[in-house]
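K.L.:
Relevant sequence annotations retrieved from Swiss-Prot are reproduced here:
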type	residues	note
BINDING	Gly206, Glu207, Pro208, Gly209, Val210, Gly211, Lys212, Thr213	ATP 1 binding site
BINDING	Gly605, Pro606, Thr607, Gly608, Val609, Gly610, Lys611, Thr612	ATP 2 binding site
COILED	391-523	coiled coil
DOMAIN	3-146	domain 'Clp R'
REGION	6-71	region 'Repeat 1'
REGION	83-146	region 'Repeat 2'
REGION	159-340	region 'NBD1'
REGION	341-545	region 'Linker'
REGION	555-768	region 'NBD2'
REGION	769-861	region 'C-terminal'
Amino acid sequence: MRMDKLTSRFQQALADAQSLAVGRDHNIIEPVHVLAALLDQSGGSTRPLLSQSGVNVPALRERLGEALDTLPKVSGQEGNLSIGNDLNRLLNQTDKLAQQHGDAFIASEWFVLAAADDASPLGVALRAAGGDKKKIEAAIDKLRGGETVQSENAEEQRQALEKYTIDLTARAESGKLDPVIGRDEEIRRTIQVLQRRTKNNPVLIGEPGVGKTAIVEGLAQRIINGEVPEGLRGKRVLSLDMGALIAGAKFRGEFEERLKAVLSDLSKNEGQIILFIDELHTMVGAGKADGAMDAGNMLKPALARGELHCIGATTLDEYRKYIEKDAALERRFQKVFVGEPTVEDTIAILRGLKERYAVHHGVEITDPAIVAAATLSNRYITDRQLPDKAIDLMDEAASRIRMEIDSKPEELDRLERRLIQLKIQREMLKKEKDEASRQRLADLESDIDKLEREFSDLNEVWKSEKAALQGTTKIKEQIEHAKLELEAAQRRQDYAKMSEIQYGVLPQLEKQMLLANEVEHHDFKLVQDRVTAEEIAEVVSRWTGIPVNKMLEGERDKLLRMEDELHRRVVGQEEAIKVVSDAVRRSRAGLSDPNRPSGSFLFLGPTGVGKTELCKALADFLFDSTEAMIRIDMSEFMEKHSVSRLIGAPPGYVGYEEGGYLTEAVRRRPYSLILLDEVEKAHADVFNILLQVLDDGRLTDGQGRTVDFRNTVIVMTSNLGSHQIQELSGDGSAEAYTQMKAAVMGVVQAHFRPEFINRLDDIVVFHPLDKAQIKSIARIQLQGLEKRLAERGLKLDLDDPALELLGNVGFDPVYGARPLKRAIQSQVENPLAQQILSGQYTSGDTVRVRTEGGHLAFTKG
């Protein structure tokens, strides 16, 4: 017999049989070796073939193992291995059967058929396990589908649909698919296209996360429930697994062979199968090599003839990029656009899915949580689509509650740690012999006893609460399972089973659920199993950094005292602080316009009066860190071409992939303070970009992504009108301020365009600083020096006359507070540094600073 006339699978089985014989010290290869190798072959057709013909495969494998154990073993042989007479005879019989059926290559199924009525131990074992020649022959005919074996790889291509597709209708029948709520219009349109005579192939196009795959799952569920037109009843929806199709296709033509086998199996089923290709664009170019045909081109003839009933799904961008370029492929599909559902539709979808997620996590999901998931995700998570982002929110919030139930409560954990500390102390005190130690040990023992009792009581409470929650989870799972069984019985029209479930099993389970809920209605002390709107808000805050969760009392008080907090760092400038504080309070109370930034201001004033310092203080107040402020020095954007640095370079330019300086910063931290410093120095084109941000709270970057600025506070600083401010500042009265602001606005209107000024929430003019304010600033700035000295173990004691002197030296009405910093450096820091280095002060000393003859004098305190 020529080995090259065997199929590759049969050749592999013979090689495995040889290895099996060598491993067991057999010097003759028998038929049992070959069948054992065929049964153990991964992806082979022998095991499913025998199962279909009614053979008990595990029992057969066991009998083969016993037969192998009885074969004689040979030790010390020199590798002489031969084919036994029984195997030789069976192989000849296999060859004969293959020729009778017109096969060019000998397939492994003929070996199984030849063994069915053979007198060898293999035949006996096969018949004992339920093997019947006629049944095996019928199973072979069904497996081959009337085709002959004409290629070496013919066995690889069998059962292509089972290997390379996932049966969605079977999954829907077994209740493994999530329910699909709404989307009736899209499903109806898909069915309409599928009912056409030719080009009956819909392609679902929509943004990622809008539910394209869910529509096909909904169609599969409708087919199972018989809620489709006559033309689609009884059809199967199979999802093509592109990963399985491509994986392991090592040689050229292997991928095409697999795809051809799938198409061949589909055409045999004569329109009874609808093929779903998720990520349809992957078919274009798949398997493409020099001169080879890609998968998209192989599909075209089958699509055009109507042999292939297909549903595709892809995103808008990928459809444009891949499918539209291939006009011949595009015209064979009918577009069905899937839009993003509204917030109301999303709430309905979440209500339908709620039970599945509640059972999976073993928690209760409240209706306010569902409404919050839809509304908050729509408002704050702008770079993703509904309903996907809302489902993710609900899922993560439920996961968080489940994790808290499973892990030890904080109170118990704290008690346990305290107990460990006390027990360590007890062991140390046991080694001491003095009376005081014995007394402390006795006190410690009583503390440990008290804590252990408290810990034990709490632990019991936690365990009982946890057990109560787990009980309801189990009942929920049983109810879910009973409902699935009821649906299956309804489809089979098994009225006895339906009656048993509907009037027996379900009411009993619901009664148990009611009793369990009554136990749960007592407020649990340590665990919580309800997902509420607060949990959803907490997850949104963690995702985006935007504080949308319910404000704690402490935070409310902090916001009401915001002006006082800012005045600790910024001296004077009442109007500016009031305007900024009001904007933040509006935003946190949820009253600000949801389609504009939380606040947009232009700060005007001479240099050194606190414009930038107020922004730093605000960032520190909001985020507890000045690092959270996005600071952009607008003097860097004086040229026209530098505008692209803010939003990213356009396509074709260097740096296109990197994104913009402003847009990337806001995408990473959507809740932030943006400081555009020295804004008048920027090129006029920068303001064209800012118009969109100030009006709509959004900006499109160089890559076409929309960046959300609605949760930012935008502050621009400028020195415009400084001369007028110095001249007209007057006595600080309201009239003088109004007159000064009018003069400054004249300068501002001459520099900025009306459409830019009109979009700002407020223009704030800062006052020049007077001597009293400079003195207060000196006190604030010296606090930084005190901190640095404290790190070295030194204290600073500076009296009022010394502070007055510093204020006088550092006062300059033109330059504001900046000369004060230089005055502190020259008058205090420089002489103090010399004295510390010379060893005059050591750790623990106090540095006294006093005035002597118009100068500052330093003494050790």
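From the backbone N, Cα and C atoms, a Cβ is placed for every residue, glycine too.
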K.L.:
For the binding-site residues Lys212, Lys611, which one has its C-beta crowded by the most other C-beta atoms within 10 angstroms?
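P.N.:
It comes out as Lys611.
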K.L.:
Within 10 Å of the Cβ of Gly610 (ATP 2 binding site), how many other Cβ atoms can be counted across all chains shown?
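P.N.:
There are 25 such Cβ atoms around Gly610 (ATP 2 binding site).
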K.L.:
Sorry to bug you, but what's the C-alpha spacing from Thr612 (ATP 2 binding site) to Thr213 (ATP 1 binding site), rounded to the closest Å?
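P.N.:
Rounded to the nearest whole number, the Cα-Cα distance is 51 Å.
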K.L.:
Using Cα coordinates, what distance in whole Å links Pro606 (ATP 2 binding site) and Val210 (ATP 1 binding site)?
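P.N.:
One finds 52 Å between the Cα atoms of these residues.
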K.L.:
Near the ATP 2 site, what residues other than Gly605, Pro606, Thr607, Gly608, Val609, Gly610, Lys611, Thr612 in the same chain have a C-beta no further than 8 Å from the centroid of the listed C-beta atoms?
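P.N.:
Residues close to the ATP 2 site, other than Gly605, Pro606, Thr607, Gly608, Val609, Gly610, Lys611, Thr612: Glu613, Thr717, Asn719, Phe766, Gly816, Ala817.
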K.L.:
Can you check which residues sit near Gly605 (ATP 2 binding site), meaning Cβ under 8 Å from its Cβ, same chain, 6 or more apart in sequence, and list them in order?
P.N.:
Lys611, Asn719, Ser722, Ile725, Val765, Phe766, His767, Pro768
K.L.:
Counting other Cβ atoms within 10 Å, pick out the least crowded of the binding-site residues Val210, Val609.
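P.N.:
Taking Val210, Val609 as the binding-site residues, the minimal 10 Å Cβ count falls on Val210.
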K.L.:
How long is the line from the C-alpha of Gly209 (ATP 1 binding site) to the C-alpha of Gly610 (ATP 2 binding site), rounded to the nearest angstrom?
P.N.:
47
K.L.:
Quick one: of the binding-site residues Gly608, Val609, Gly610, which has its CA closest to the CA of Gly211 (ATP 1 binding site)?
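P.N.:
Nearest listed residue in space: Gly610.
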K.L.:
Which one of these stretches, 83-146, 159-340, 341-545, has the most C-beta pairs shorter than 8 Å to the region 'NBD2' (555-768)?
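P.N.:
It is 341-545 that shares the most Cβ pairs under 8 Å with the region 'NBD2' (555-768).
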K.L.:
Of all the binding-site residues given, Thr213, Thr612, which residue's CB has the most CB neighbours within 10 A?
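P.N.:
Checking each of Thr213, Thr612, the winner is Thr612.
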K.L.:
Per DSSP, what is the residue tally for the domain 'Clp R' (3-146) in helix, strand and coil?
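P.N.:
Per-class counts: 95 helix, 6 strand, 43 coil.
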K.L.:
Within the region 'C-terminal' (769-861), count helix residues (DSSP H, G, I), strand residues (E, B) and coil residues, in that order.
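P.N.:
Grouping H, G, I as helix and E, B as strand yields 52 helix, 19 strand, 22 coil.
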K.L.:
Specify all same-chain residues, apart from the site residues Gly206, Glu207, Pro208, Gly209, Val210, Gly211, Lys212, Thr213, whose Cβ lies within 8 angstroms of the center of the Cβ atoms of the ATP 1 site, ordered by sequence.
P.N.:
Thr315, Val338, Gln385, Asp388
